[in-house]
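According to Swiss-Prot:
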- Asp227: active site, proton donor (ACT_SITE)
- Arg50, Gly51, Ala52, Arg84, Gln186, Asn237, Lys238: substrate binding site (BINDING)
- Cys147: site 'Transition state stabilizer' (SITE)
Amino acid sequence: MRKLKDIKPLELKDDVLYVINQLKLPHELVWEKLETLADYEKAIKDMIVRGAPLIGIVGAYGFYTGIKEGIDYIQVYERLKQTRPTAVNLFWALDRMKSIYEKYGNDLNLLLKEAKRIEVEDYHANRSIGGYGEVLIPKKANILTHCNTGALATAGWGTALGIIRSAFENDKDITVYVDETRPYLQGSRLTAWELLREGIPHYIITDSSAGFLMKKGMIDVIVVGADRITLNGDVANKIGTYSLSILAKHHNIPFYVAAPSSSLDFNLESGDEIPIEERNEDEVKNCHCCKVAPQQSHALNYSFDITPADNITAIITEKGIIEKPNKEKILKFFGRKLS
């Protein structure tokens with residue numbers, strides 16, 4: 001078994017949260033200090049931190065910080081909710097923090113304990129996802145992944161990338177193909193950085209070359225993350241995931257989604273109900289301060305798309321695997337009744 005380094009994207013020191021500024025990677029490793037509610041809002045909105053599980057964890061610490069500042073708890077809750085609209089983990093974590101406040105009042109110790117609990121639970125969930133998921137990876141495999149679903153997107157280890165990490169840890173002979181993931185380049189900037197640190201063989205590819213690699217027989221498995229999963233098994237994830245799922249189905253390649261159960265939204269029937277974040281067009285027209293398009297042109301910049309359950313081979317959670325997901329299977333898996 002290989003020994004891997006673990007990356008922690010956040011650290012609490014003297015009641016202040018420090019986070020890796022993911023906009024600076026891969027060339028600089030910079031830690032940002034979050035001391036006020038406004039700091040937390042900016043960190044999430046501006047994608048200094050990103051990844052659905054990590055946003056939830058940072059949101060929980062942000063709730064604690066806002067209460068510590070003396071801001072009304074409903075205002076804290078609403079301000080943090082408005083930072084990113086698609087990832088359900090943020091709302092799930094804020095609901096937990098709000099519930100503690102409404103039950104016990106302004107008890108900062110209990111609020112901080114709950115935020116820490118959310119962080120620890122996520123880390124253990126990721127390790128469990130890795131354990132379930134790596135069983136699905138052949139002993140020798142070329143794996144395609146999209147965006148960043150590793151330690152940088154979570155409390156540590158990762159979801160889809162955690163499965164890849166677990167497979168490599170268990171001595172499997174894998175090569176990872178990393179979609180660059182325009183326009184924020186989370187694949188080429190963040191996933192490649194994590195894989196390089198671990199010594200996991202990988203190639204960065206342009207998003208548009210994925211289908212060609214599948215046609216050439218160069219991809220055995222696709223593993224992606226999720227920002228929100230609805231009752232029927234539809235998945236909201238980084239823009240480009242839907243296209244990959246169609247290509248995978250056409251080429252008969254297993255398409256796995258890895259996510260903690262906190263990414264399940266039992267209030268939504270299907271992906272049609274998920275609000276899709278549309279970000280500033282300048283993110284498409286400019287790439288890290290370089291202008292790459294006529295500035296007078298307009299650009300569309302949807303951050304997420306919806307992959308239908310029909311295109312998904314299985315959803316891998318910390319509780320186990322849901323094959324060919326649908327509403328009945330998801331409710332049964334989580335011990336809920338059909339309404």
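Think of each number as a place in line: the chain as shown, counted from 1.
Using the three backbone atoms N, Cα and C, a Cβ is placed for every residue, glycine included.
Applying an 8 A CB threshold to same-chain residues 6+ apart, the list for Asn237 (substrate binding site) reads His146, Cys147, Val224, Gly225, Ala226, Asp227, Val257, Phe304, Asp305, Thr307. With Arg50, Gly51, Ala52, Arg84, Gln186, Asn237, Lys238 listed as the residues that bind substrate, the site has a largest C-alpha separation of 17 Å. Those same-chain residues not listed among Arg50, Gly51, Ala52, Arg84, Gln186, Asn237, Lys238 yet with C-beta within 8 angstroms of the centroid of the substrate site C-beta atoms are Ile55, Ala87, Cys147, Asn148, Ala153, Gly225, Asp227, Ser303, Phe304. Long-range Cβ neighbours of Gln186 (substrate binding site) (same chain, at least 6 residues apart, Cβ-Cβ under 8 Å): Arg50, Cys147, Asn148, Lys238. The Cβ of Arg84 (substrate binding site) lies under 8 Å from the Cβ of Ile44, Lys45, Ile55, Leu90, Glu277, each on the same chain and at least six residues away in sequence.
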